[in-house]
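**Student:** According to Swiss-Prot, the protein carries these features:
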- Thr16, Arg20, Thr268, Gly316, Gly417, Asn421: ADP binding site (BINDING)
- Thr16, Arg86, Glu87, Tyr138, Asp246: sn-glycerol 3-phosphate binding site (BINDING)
- Thr16, Thr17, Thr268, Gly316, Gln320, Gly417: ATP binding site (BINDING)
- Arg86, Glu87, Tyr138, Asp246, Gln247: glycerol binding site (BINDING)
Amino acid sequence: MTAKHNQYVMALDLGTTGNRAILFDYEGNIVGQAYKELTQFYPKAGWVEHDALEIWRDTKTVMQEVVQKTAIQPQQIVAIGLTVQRETCLLWDKTTGQPLHPAIVWQDRRTAHFCGELTAAGYVDEIYERTGLVLDAYFSGTKLHWLLDWVKQSKSVDPANLLAGTIDSWALWNLTGGKVHRTDHSNASRTMVLNLDSLIWDEKLLDLFTIPAQIMPEVQPSLSYFGVTDPEILGVEIPITAIFGDQQAALYAHGCDRPGLLKCTYGTGAFLVANTGQTVTRSQHRLLSTVAWTQTNRDKSLTRDYALEGSMFTAGSCVQWLRDKLGLIESAAASESLARSVDSNGGVYFVPALSGLGAPHWDMNACGAFLGLTAGVTKAHLVRSVLEAIAFQAREVVEAINQDSPAPIQQLKVDGGACNNDFLMQCQADVLGIPVERPAVLDATAQGAAFGAGLKIGWNQLQIRFFRTFHHGTISLICLQFLPMRIQEGVSVDQ
């Protein structure tokens, strides 16, 4: 046994609904984890906020809890990888470390009117050309504009003392004791102010959104050295060697390292991301062009991987809505058995627009709806129609990716809590007409962050783990493969 077998990498997965710390060993196995649920705040219709101090407190707590649970010594943790919910952003005071306003969450729609004004002023094409993003309230740029407007109205705030950032920047700043204000290319590419070609903050867009360049974090490669943790957290300094947006981390974990490979994470929303290689692919179907990840080579050159993404704002949250607001199910897991209890949706169809519609429609004003209601409809039909809507929503995006990308999608790799639902996964395979592969490890976001951090410090064994677990055509460690019904019946996909 080598010294590396007594070493561990910690993944910090700071998501929309909760924050986790997971420890991985040298073989890529999970040896322990801790989790804290995150409070959601809805101060007005269409507004969604998080308490940034709660995010940091919980991050620190889960780091300490996972060490205590596993009895691993902090000095055995040789690297940390960080992955976060994207687009969510905030401002904070760099002297006191206090947030100036609750973090505005990616689902928040308060800037939809401002987006409409920019659309009317003719900025849609220019923003897409510079950033690869659709002009929408989803992204950080308009949120930061709103926050800065709010700051101007507060006489108690010193504008010269501001720092801005997405959740990775906020977490990194706190992890390093306020010493490091940086972000990585994957998170920066979701702000709507990063130039997708030059990979630096775009001065024209900063001016458009009235964001001072000096308050923005420094941008660096996803796999690189981001500093060390404050020893007050775990008693030792631990290097932070990888940062990803959550969906890019999942893509990395699935080994989707070349064009034609696609993953879908079913969480609060559903996010389909396809690697498009080292050049930007521009979509003709309103998909997002984004940075997958970046890393520096030994000769100091930068390797960049780009992706096409279809973001769907509601997926697992639709099931939560059935549970929490309508009371149709007692748990998310109960949706599967209830959907199977009927042979069809009974003619009921659901429009999954509880937070507007994302790709490929990008309709900020769309609302959800049940269609086809009759006296014979039961709650089972309603639940089944919601699960089917998630699958058909994903099909729209896959069809758009196939039209935009020269490499056709042959299979879908999945992760996230909602993909535990076998009915949903089988429905997904049926409507796509391609196999759906669900790995044994569903924590792909955390796994991607940990693997990236480990590989950066020379844990080459993890590269072998990539190919054993996720390599195209390999299912040795796949928990379950869902085949379309027509393949099960002996009909090829091409037919």
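Positions of Cβ are set from backbone N, Cα and C atoms, glycine also.
Each of the listed features needs to be described in terms of its position in the shown structure.
**Tutor:** In the three-state DSSP assignment, the secondary structure recorded for Arg20 (ADP binding site) is strand. For Arg20 (ADP binding site), the Cβ neighbour count at a 10 Å cut-off comes to 21, with all displayed protein chains included.
Residue environment of Thr16 (ADP binding site) contains 22 other Cβ atoms, counted within 10 Å of its Cβ in all protein chains.
When secondary structure is read from DSSP and collapsed to three states, Gln320 (ATP binding site) falls in the helix class. Counting only same-chain residues six or more apart in sequence, the Cβ atoms lying under 8 angstroms from the Cβ of Gln320 (ATP binding site) belong to Ala332.
Here the Cβ of Gln247 (glycerol binding site) has 30 other Cβ atoms within 10 Å, regardless of which shown protein chain they belong to.
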**Student:** Pairwise over Thr16, Arg20, Thr268, Gly316, Gly417, Asn421, annotated as binding ADP, what's the top Cα to Cα distance to the nearest Å?
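**Tutor:** Maximum Cα-Cα distance: 22 Å.
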**Student:** Can you give me the residues near the recorded ATP site, meaning same chain, not Thr16, Thr17, Thr268, Gly316, Gln320, Gly417 themselves, Cβ no more than 8 Å from the center of the site's Cβ atoms?
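**Tutor:** Going along the sequence, the neighbours come out as Gly15, Gly267, Gly269, Ser317, Ala418.
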**Student:** Find the one among the binding-site residues Thr17, Gln247, Thr268, Gly417, Asn421 whose C-alpha lies closest to that of Arg86 (sn-glycerol 3-phosphate binding site).
**Tutor:** Gln247
**Student:** Can you tell me how spread out the glycerol site is, meaning the largest CA to CA distance among Arg86, Glu87, Tyr138, Asp246, Gln247, in Å?
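**Tutor:** Across Arg86, Glu87, Tyr138, Asp246, Gln247, the two farthest Cα atoms sit 15 Å apart.
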**Student:** Hey, how far is Thr16 (ADP binding site) from Tyr138 (sn-glycerol 3-phosphate binding site), Cα to Cα, in Å?
**Tutor:** 14
**Student:** Taking every protein chain shown into account, which of the binding-site residues Thr17, Thr268, Asn421 has the largest tally of Cβ atoms within 10 Å of its Cβ?
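**Tutor:** By the 10 Å Cβ neighbour count, Thr268 comes out on top.
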**Student:** In the same chain, outside Arg86, Glu87, Tyr138, Asp246, Gln247, whose C-beta lies within 8 angstroms of the Cβ mean position for the glycerol site?
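**Tutor:** Those within range, site residues removed, are Gln85, Thr88, Trp106, Arg190, Gly245, Phe271, Ser311.
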